[in-house]
Amino acid sequence: MESGSDDFLPPPECPVFEPTWAEFRDPLDYITKIRPIAEKSGICKIRPPADWQPPFAVEVDNFRFTPRIQRLNELEAQTRVKLNYLDQIAKFWEIQGSSLKIPNVERRILDLYSLSKIVMEEGGYEAICKDRRWARVAQRLNYPAGKNIGSLLRSHYERIIYPYEMFQSGANLVQCNTYPFDNEEKDKEYKPHGIPLRQSVQPSTFSSYSRRAKRLQPDPEPTEEDIEKNPELKKLQIYGAGPKMMGLGLMAKDKTLRKKDKEGVLCPRAVLMKEEPREDERVMSSLPREDLSHSVEPCTKMTMQLRTHSSAQFIDLYVCRICSRGDEDDKLLLCDGCDDTYHIFCLIPPLPEIPRGVWRCPKCIMAECKRPPEAFGFEQATQEYTLQSFGEMADSFKADYFSMPVHMVPTELVEKEFWRLVSSIEEDVTVEYGADIHSKEFGSGFPVSSSQRILSPEEEEYATSGWNLNVMPVLDQSVLCHINADISGMKVPWLYVGMVFSAFCWHIEDHWSYSINYLHWGEPKTWYGVPSLAAEQLEEVMKRLTPELFDSQPDLLHQLVTLMNPNTLMSHGVPVVRTNQCAGEFVITFPRAYHSGFNQGYNFAEAVNFCTADWLPAGRQCIEHYRRLRRYCVFSHEELICKMAAFPEKLDLNLAVAVHKEMFIMVQEERRLRKALLEKGITEAEREAFELLPDDERQCIKCKTTCFLSALACYDCPDGLVCLSHINDLCKCSSSRQYLRYRYTLDELPAMLHKLKIRAESFDTWANKVRVALEVEDGRKRSFEELRALESEARERRFPNSELLQRLRNCMHEAEACVSQVLGLVSGQEARIQTSPLTLTELRVLLEQMSSLPCAMHQIEDVKEVLEQVEAYQIEAREALASLCPSVGLMRSLLEKGQQLGVDVPEAHQLQQQVEQARWLDDVKKALAPSAQRGSLVIMQGLLVTGTKIASSPCVDKARAELQELLTIAERWEEKAHFCLEARQKHPPATLEAIIREAENIPVHLPNIQALKDALAKAQAWIADVDEIQNGDHYPCLDDLECLVAVGRDLPVSLEELRQLELQVLTAHSWREKASRMFLKKNSCYTLLEVLCPCAHAGSDSSKRRRWIEKELRLYRSCTDTELLGLSAQDLRDPGSVIVAFKEGEQKEKEGILQLRRTNSAKPSPLASSTTASSATSICVCGKVPAGVGTLQCDLCQDWFHGQCVSVPHILSSSRPSPTSSPLLAWWEWDTKFLCPLCMRSRRPRLETILALLVALQRLPVRLPEGEALQCLTERAIVWQGRARQALASKDVTTLLGQLAELRHQLQAETRLQEPYHSTPACAPLREGSGRDMPKQVPGLLPNVDSTSSHEKIASVQGSDLEVLSSLLSQLSGPVLDLPEATRVPLEELMLEGDLLEVTLDENHRIWQLLQAGQPPDLERICTLLELEKPEHKGSRTRGRALEKRRRRQQQEVDLGMKSKNLVQEELQSKKARNSGNKSEEGQEEEEFEEERDSENIFLTCSVDHSSVLKVNPNSVRQNDSGITASFPSLTPLLHQPYPQQDIL
């Protein structure tokens, strides 16, 4: 019975060796060393040193191979026997017209082979039925008892197996008259049997060579219709394994069998049978049963003609071939194979009725079943693979089979599954194996030295390594190096590309040689090995368990196609070991060691054979084994021995000894065989150079052995020859016609043997000389040169590494060591410094060693002389040590004398101790002397450490204690100083001064105390700097204070002034932050100082634009204070210089902007259709040329921009602040003023807010560049405001303002009259005569529209979207004022200067309205602004409600009297209208509003009015400081000047 997968028990592990680098250098020597251990297991594994990693040298892209196909369950011997049995019994029933259906018993298919075998072992069918032992049969088949399974097995046996067994025994052929029939039928297919599969695996495309694939193809006359309609037959349409790796598919009854047989129809011998029927019966019955199938002969043409011409007689001869009667013709049955007839009741067993379909007679069935099976072998796949494609296929197969990643499948699981699959007849798993790939053709995995490619140094190292499989077979110690031919697989490595389950079957190597396998990479390879001592036992077990296979193929184990479960072998006493070979490991198999295995997954291995000296006896035995099996040899063993014997000096000594032994045996055998030849009477002979003949021309025709020393040939039969062991099998010719062909005469062979003996015995001669020299047997010591000559002879003649050679080398090494020590003694002191001196004991041992060496050494006298000097020195030193007060000088002189001896004398140590004590005491006195320079703490600690190492004495102990006490005190003060330097809580200077003062009394240099001194000095210097800067003429600059704060924080001293400075710096930073929030936009690319100072590059358009783009991209470095004002760092500290520089910057800014306006005005308008890009064309901030609709022109620099790239004003932001706002048709009040981001760099807060910042600035005792720039900006704004108010107060301008006010009031009145219409929906029709009560239309305002329609539109605009406002654009006209040239030009200049200010002033807006009213409305700009405002208009309704609520709260605050806050809110409203731009998201506008509220709070929290700003005490500001009243005398009157009465807003 086959064992389950869980029953597999892994055999024990084989030996594993891990050589050192020294052992790894010589591979064959190491293998010889481990052979006694490893040979007992048959195989072993070797792990090279970790850093031995040869590169993979195969050209992966060009490597292509065709693998073999392996069907796993056809590999195992016992499984193959079962499959063969199923094939035969399936064919038996199919021949009779029945289909085999294997039954299921207890939910598993019935093992018919095991059932048949057990029944046979139990005595046969009749005996079992008689004794009623079917229950025992069921028990042996592992079926449970008590279920009446025995009766079921009996019925299956009777129905399926028993008829087949009867045919096999020939019981039904007792009285059958058989006739010759054609033995060469075309139908040699294995017939189907029904074996259910666990996995339905269709044969792959490469199996078209097999019969399994052929069965998938349609037959000439298919019967598929019956199979498809019959569910039972459909279930049996499955595939199993056969003896030639060919599955058998279940088929319906084959109606074409008769037709197929008719093609080679057998002609019954009708005439002969009629005349002598009984004689033919006797002839056939006299033949052996097993020869029945071979006794028939095919019909000849004459027989066919005879049958044709006597067709009438042939019909009359339809008689039963058993009873020879023709009656009861309705019971006669015609054979479809041979056309013989039988009564159905004459057959054994008799048939109840005429069977339907094809029927064959018993002799045809016997002939078909007795046909011998074809030899089993592997097929080649049809698909060619590369390494990559094969690896992808292999990994995919393994991952799909185990349903997990390939690297996660345990090796134990793969091993159990492999042995389950090969033992299963139910599952048919097919894999591919790239085996026996020639490295000569495809390239080796190891680097190989060749002229095709130059190797790197690393590759060259591995190319010459003995472990390179291309090098190992041809090493000097290897036998195969003496074979000239490149034997593939033996001398030339083979490559193996494996996948999971791909296997190599049980086998031994050719000629029983060694083999070595190296796994280059990939998943492990599992090996099983059997030692050579159990090789015959393994063969016997396999033959005993599967005799059916070995009967037809006696050399089955030599074909590498058969496996057997290691557990089965072990259960029969065969010792088996296993191992998993991982990447980078070697596996070695020993001579005649059977081995097999399989691959765990995708991998790449390389293998080759090699033969050492110990293999020669096994090689000779292998030739005898091959001779018995009549197997061909790979090479001639005799030729190999003779070739090595011809050049004995080139042989390794161990190899020479082994060859001599083999040569001696071979010569003795040759003498015996040639003597037998002479006794037979063969005397003719001729010399033949067998090595020049092809192997197939010198093979023995009997045993297939390759001849070399001699062979027997015949003059009359020149085509063949035999070896001398088969001289009787050559031919039948007379002995006189036979002659001997020989290679060497019997006299030449002993001469070759003698040369080998000399080479083999040369070691004995040399060994005798060495033994005499080492043991001084003749009483004479050899010189060192003589011993060296003996060692050189062993090395040159390659003697083995024996114990005697090792003794010789050890003796030479000892002599060399003694000579080296003697040279150290007698040489100068400089040479002795390199080595440690000898002790007195070692000197005496050296003298004794030199005397005992078997080598004569003349240096022994020098050693004796040194020993005498040492003994005399000992006496003198003892006398000096014994005196009471030895002088230091005497002891030092004796010490130097002892050092010159080169010997370590014990008295010298005592002298050394006393000298060291005196030297150490002297060093301590010098270090602690008052006049000496203070030593460092490290020096004192070093003295203490040195004192602990010297020998103890009263003086030394006292000095050591004093030094220890001093160090303890010093370390305590060092710790205090360290605590002061590192502690988080800093100490005041007075504390530090006290610590330093006390530490001055310690006579040691203390590093931490010195650091504390330095820190205190720095602190005092810092205090002086603070006093100096605080008492100067001006307030200190913020940069100076920050530097002082940074320095003060790093000092380990508590400084009271530091807290004051930190507070001042913090206050200054807070003021700067508030100013930045007030002026700078969100995410502005400008600094506060850049915004407050005049634009230095206002006149350069390209420079200005480039810098702006760089700042937007965060590539621009902000200008420093000195760059902005053009002043040095020293001038910045002078307020007067800052004011002058600011004034100059104003003038440059104005001149630059005028130049820029002229330049930009000359550029073509983007709105013109003919505008083309040129050097004079405007460039937007996005870097592109603005063109077409959606472009805006800056009112300051006159340059053009895309409306989507810049922030644009909201046209109705100031026109409709409330329901009582000015009407829509007052277009001159619309906020259409556009300043580009290059001109409007900040938020431009209102002047009142800035004044609050200035008040906070006066309270700071710190000077900031931004503060002085803000003062200059404020003065500039106030000066401009005064000029603007003066211009607005002139008579002409006042008149114009009155006209605008009148127009505005008129439009407001009209709007109030339309208020009843506000509640009317925009889509409702207007009442008739609704315009009767309306005031008269203002002339020139809407000339083409009547009042009714205009009022309707005005009312609808107030409650609708901007589309209504867009519809009014065509009705606008102007100008509404007549603005004279004399009035307009001054206003435009003021407008220009006001736009340059980064401050919001109401006068600026009034001047803008006057200039707008004095010119026609800019419809193109208005259209552009409306178009840009539309996308965000819907989303702004909700935001408008929230902002309106805030404005109402602000209005309530105004009503309570908070005028300053009201001004700020108005400023925010106007600024909101101008600077809202393209921000369409509600969050952005609300954030901006909150930031502006923060700016307002700065002003509100100050709680000051204008009068408080004017009442600054000049005495509180230092002389020439940057105060408001000191620097800006014009500030006071301008702040209190009232606004004009004509307030348009």
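Counting starts with 1 at the first residue shown.
Cβ atoms are placed via backbone N, Cα and C, with glycine included.
The 2-oxoglutarate binding site annotation in Swiss-Prot covers Tyr433, Ser515, Asn517, Lys525 and rests on similarity to another entry. Taken from Swiss-Prot, the feature Fe cation binding site covers His507, Glu509, His595. Sequence annotations record features per position, and here Swiss-Prot assigns compositional bias 'Polar residues' to 199-210. Sequence annotations record features per position, and here Swiss-Prot assigns compositional bias 'Acidic residues' to 1483-1494. The annotation SUMO2 cross-link is assigned in Swiss-Prot to Lys229, Lys244, Lys274 on the grounds of similarity to another entry. As annotated by Swiss-Prot, domain 'ARID' applies to 79-169. Annotation comment: Swiss-Prot describes 461-627 as domain 'JmjC'. Annotation comment: Swiss-Prot describes 185-228, 1433-1496 as region 'Disordered'.
Within 8 Å of the centroid defined by the CB atoms of His507, Glu509, His595, the record's Fe cation site, lie the Cβ atoms of Trp506, Ile508, Ser515, Leu560, Thr589, Ala593, Tyr594, Ser596, excluding the listed residues themselves. Spatially, by CA atoms, the binding-site residues His507, Glu509, His595 include one closest to Lys525 (2-oxoglutarate binding site), and that is His595. The secondary structure of Glu509 (Fe cation binding site), as reduced to three states from DSSP, is coil rather than helix or strand. Taking every pair among Tyr433, Ser515, Asn517, Lys525, the residues listed as contacting 2-oxoglutarate, the largest Cα to Cα separation comes to 20 Å. On the backbone, the CA of Tyr433 (2-oxoglutarate binding site) and the CA of His595 (Fe cation binding site) stand 17 Å apart. Separation of the C-alpha atoms of His507 (Fe cation binding site) and Ser515 (2-oxoglutarate binding site): 12 Å, rounded to the nearest whole number. Residues in the domain 'ARID' (79-169) partition by DSSP class (helix H, G, I; strand E, B; coil) as 62 helix, 4 strand, 25 coil. With respect to Cβ neighbours within 10 Å, the binding-site residues His507, Lys525, His595 differ, and His507 shows the lowest count.
Here the CA atom of Asn517 (2-oxoglutarate binding site) lies 12 Å from the CA atom of His595 (Fe cation binding site). With a 10 A radius on its CB, Glu509 (Fe cation binding site) counts 23 other CB atoms from all the protein chains. A gap of 12 Å separates the Cα atoms of Glu509 (Fe cation binding site) and Asn517 (2-oxoglutarate binding site). Fewest other C-beta atoms within 10 Å: among the binding-site residues Ser515, Asn517, that description fits Ser515. Computed over the domain 'JmjC' (461-627), the whole-number mean pLDDT of the model equals 91. In the shown protein chains, 21 other C-beta atoms lie within 10 A of the C-beta of Tyr433 (2-oxoglutarate binding site).
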